[in-house]
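Written below as structure tokens is the structure these notes are about.
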Amino acid sequence: SEQWTNMSNVSNITSPVPVRLSVEIVHTFQLYYTPFLVLFGSLGNCISVLVFFSTKLRKLSSSYYLSALAVSDTGVLIFTFTSWLALFDVVIFNEHGLCQLSVYLMQVCSFLSVWFIVAFTVERFIAVRYPLKRPSMCTVTRAKVVLIGLSLLALLGNAPYIFISSVADVQDAEFAENKSELICSLSRELEDIGEIFNHIDLVVTLIVPFLTIVVLNTLISRTVCRVARVRRTMTKSSSQFARNLASTNSATIVGNMAAGTSNLVTTRTRTPSSQTKVTEMLLVVSTVFIILNLPSYVVRVWIYLTDTHNVGTEQKVTMYVLQQYCNILFNTNFGINFALYCISGQNFRRALLSLFRPEIQRRSGETTQTTGLTVREAIRIVYESEEQKQNLMEP
């Protein structure tokens, strides 16, 4: 919340016009963008939870991960909005007790948003790389256990922030007029401990999750591409087999059967499996998460490694403005998932429409039934047909 409290003060600095203009631009953008993001992001997250739990998607374990992600993202958006209110001198958490609670809950929600994405990325990796283990490992029950475990870990692991946070009366003469104000931040008496927790937070919410997501997404993408190539090869082979069957002596039976086999191949080629659709959507979500979060963490590390005491005011303001733009991207991550689901998730779009038009879901269920025959069934029918013909020809 400190970054928002200093926003109005930074605009009062006596620096060159381009520097002041850059501060005013980011100030104005945050002024209008933040409430828009919070409103539509929170609304989208609520609709997402409704879709995941009120439609056939509730049978998928991934729906539980994404619903939990929507809840934690909404929590972050709420605290972002309360910080934004400081622009209008509406300060909510700059009181003892509320300050510690807000810092603690913000850390919990941020931790969960990161690790919920890691959790469903791991689940997708298992489902894609080890499909035979998917029925036993990628279950709704296991998803609930993982979510409860991560929630308990977040609640307990971030508890120290309650004790190292406090309301401080600060005077920022370098960036603002000589006046003091109350801000909620890490306690100055416990700065050393606060530094330790900053290092731990950097590892737990940045380095480990990002490396895990990048590595697993790479492996998942390679597997999906390889499976797609195999599917195309099998489709060509099956189509050729169907044409060969159509030219046999059992023209009527085999012709109908071959048509059914061809239709089945076409249907399966045109409509990927439900698991493939889920995998593609979750790949998009986790990739966008990395793109939107990485700039903020890079700037965070850069500022941490920079000796700000030996940096001029103009450079400090430049760093501040850059940090604010990266924070805009960071905050966007918590309100964009609903749009990503609609864009990349075919199952999600159908489920969303089915909430308002139930007949769509019934029609979808009917179209998923296939009337074609498998290759093994085709061979069996041809064999039985030829055998019956031989029996009829015997005296």
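Each residue, glycine too, has its Cβ placed from N, Cα and C.
Listed features, source TrEMBL:
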type	residues	note
DOMAIN	44-341	domain 'G-protein coupled receptors family 1 profile'
TRANSMEM	31-53	transmembrane segment
TRANSMEM	65-92	transmembrane segment
TRANSMEM	104-122	transmembrane segment
TRANSMEM	143-164	transmembrane segment
TRANSMEM	196-220	transmembrane segment
TRANSMEM	281-303	transmembrane segment
(Q) Please compute the mean pLDDT of the model over the domain 'G-protein coupled receptors family 1 profile' (44-341). (A) 81
Q) What parts of the chain pack near the transmembrane segment (196-220), using Cβ distances under 8 Å and only residues at least 6 beyond its ends? A) 107, 110-111, 114-115, 117-118, 121-122, 124-125, 128-129, 157, 160-161, 164, 279, 283, 286-287, 289-290, 293-294, 297, 300-301, 304
Q.
Checking distant contacts: for the transmembrane segment (65-92), what same-chain residues at least six beyond its ends satisfy Cβ-Cβ under 8 A?
A. 1, 3-5, 7-8, 30-31, 34-35, 37-38, 41-42, 45-46, 48-49, 52-53, 98, 102, 105-106, 108-110, 112-113, 116-117, 119-120, 123, 143, 146-147, 182, 285, 331, 333-335, 337-338, 341
(Q) How about long-range neighbours of the transmembrane segment (281-303): same chain, 6 or more residues beyond its ends, C-beta under 8 Å? (A) 62, 66, 117, 120-121, 124, 202, 206, 210, 213-214, 217, 220-221, 224, 319, 322-323, 326-327, 329-330, 332-333, 336-337, 340-341, 343-345, 347-348
(Q) Within the same chain, where does the transmembrane segment (31-53) have neighbours whose Cβ lies under 8 angstroms from its own Cβ atoms, ignoring anything closer than 6 residues to its ends? I mean 6 or more beyond. (A) 63-64, 66-67, 70-71, 73-74, 77-78, 80-81, 84, 87, 328, 331-332, 334-339, 341, 348, 351-352, 355
